[in-house]
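Enquirer: What follows is a single structure, and I will ask about it in a moment.
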Amino acid sequence: MCSGNQTSQNQTASTDFTLTGLFAESKHAALLYTVTFLLFLMALTGNALLILLIHSEPRLHTPMYFFISQLALMDLMYLCVTVPKMLVGQVTGDDTISPSGCGIQMFFYLTLAGAEVFLLAAMAYDRYAAVCRPLHYPLLMNQRVCQLLVSACWVLGMVDGLLLTPITMSFPFCQSRKILSFFCETPALLKLSCSDVSLYKTLMYLCCILMLLAPIMVISSSYTLILHLIHRMNSAAGHRKALATCSSHMIIVLLLFGASFYTYMLPSSYHTAEQDMMVSAFYTIFTPVLNPLIYSLRNKDVTRALRSMMQSRMNQEK
């Protein structure tokens with residue numbers, strides 16, 4: 001009986017993957033772990049607070065802030081899908097993940113990545129409607145339209161996850177099962193396959209082009225029209241207001257699309273596994289930290305709502 005159980009456990013262990021993690025073979029693993037843990041807490045707190053502010057402050061019940069709250073929710077889920085497993089594994093010494101766990105992690109990651117790309121396109125269209133079509137804005141971006149746009153973003157993201165995850169996990173992995181990443185990322189996992197994945201890589205490349213092309217076209221068109229309108233404005237105050245409205249969103253767009261292009265569209269010969277891991281860490285850990293800061297520190301409405309919430313809490317304690 002014991003021998004049978006041990007054999008079963010060994011077979012299970014042999015099918016598990018090993019995640020490299022950010023701290024592998026580092027002389028400063030403790031320092032890196034502490035910094036990562038603090039960034040994780042900052043991102044959780046910042047995004048949760050942003051969602052709470054938007055939902056509790058009536059002045060923030062607008063389409064723009066509705067989309068920002070969805071972006072914050074996606075960032076929270078990004079963090080919870082990838083980072084806790086790495087942090088716990090570093091403490092317990094268990095860096096393994098089962099094939100089913102790997103597939104689940106990959107599905108949620110791809111779903112969130114796809115949904116966020118389309119959400120940024122929806123946010124760009126919202127900024128276009130606000131700046132270029134102010135009189136029609138209440139009709140163009142009413143509550144039903146906003147809910148439909150967000151639902152479409154989630155559905156399209158799920159389609160991405162449902163298409164790529166089963167195919168990736170169906171390949172035989174007969175080389176080393178050590179994934180050179182801190183989570184189950186498609187490019188890192190494909191490097192472990194002993195079968196020919198060149199056709200699938202081409203299909204994945206085309207899928208990424210289609211997934212990024214439509215949002216890029218919407219974002220580019222929206223900001224081209226916005227910049228054209230700004231150029232025609234005679235008011236300096238109008239210039240500043242229009243640019244302030246769009247600048248925060250453009251920063252997030254450049255961060256996310258730059259990282260996505262590097263990871264999924266640049267040929268693997270142009271970057272190493274270590275560089276891939278750093279880029280992955282940037283947009284799964286650092287970007288969720290930056291998003292609340294970009295949207296709060298640069299936004300008077302959010303800072304005003306935060307001060308109002310803090311004052312009301314202090315008055316309640318008195």
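Placed from the backbone N, Cα and C atoms, the Cβ positions cover glycine too.
Just lifted these from Swiss-Prot, have a look:
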TOPO_DOM  1-30  topological domain 'Extracellular'
CARBOHYD  N5  N-linked glycosylation site
CARBOHYD  N10  N-linked glycosylation site
TRANSMEM  31-54  transmembrane segment
TOPO_DOM  55-62  topological domain 'Cytoplasmic'
TRANSMEM  63-84  transmembrane segment
TOPO_DOM  85-105  topological domain 'Extracellular'
DISULFID  C102-C194  disulfide bond
TRANSMEM  106-125  transmembrane segment
TOPO_DOM  126-144  topological domain 'Cytoplasmic'
TRANSMEM  145-163  transmembrane segment
TOPO_DOM  164-200  topological domain 'Extracellular'
TRANSMEM  201-224  transmembrane segment
TOPO_DOM  225-241  topological domain 'Cytoplasmic'
TRANSMEM  242-264  transmembrane segment
TOPO_DOM  265-277  topological domain 'Extracellular'
TRANSMEM  278-297  transmembrane segment
TOPO_DOM  298-318  topological domain 'Cytoplasmic'
Enquirer: Same-chain Cβ contacts of the transmembrane segment (278-297) under 8 Å, 6 or more residues past its ends?
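Expert: Distant contacts of the transmembrane segment (278-297): 22, 36, 39-40, 42-43, 46-47, 49-50, 68, 71-72, 75-76, 78-79, 82-83, 181-183, 185, 248, 251-252, 255-256, 259-260, 262-263, 271, 303, 306.
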Enquirer: Can you say which of 31-54, 63-84, 106-125, 145-163 has the most Cβ pairs under 8 Å with the transmembrane segment (201-224)?
Expert: 106-125
Enquirer: So what sits near C102 (disulfide bond) in its own chain, CB-to-CB under 8 Å and at least six residues off in sequence?
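Expert: Within the chain, C102 (disulfide bond) has Cβ neighbours under 8 Å at F17, M169, C184, L189.
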Enquirer: Taking the Cβ of C194 (disulfide bond) as centre, how many other Cβ atoms lie within 10 Å?
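Expert: A 10 Å sphere around the Cβ of C194 (disulfide bond) contains 10 other Cβ atoms.
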Enquirer: Over the span of the topological domain 'Cytoplasmic' (55-62), how high is the average pLDDT in this prediction?
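Expert: Across the topological domain 'Cytoplasmic' (55-62), the average pLDDT comes out at 87.
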Enquirer: Report the DSSP secondary-structure composition of the topological domain 'Cytoplasmic' (126-144) as helix, strand and coil residue counts.
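Expert: Here the numbers are 13 helix, 0 strand, 6 coil.
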Enquirer: At a C-beta cut-off of under 8 Å, are there same-chain residues at least 6 beyond the topological domain 'Extracellular' (85-105) that contact it? List them, or none.
Expert: 12-13, 15-23, 29, 33, 36-37, 40, 165-166, 169, 182-184, 189
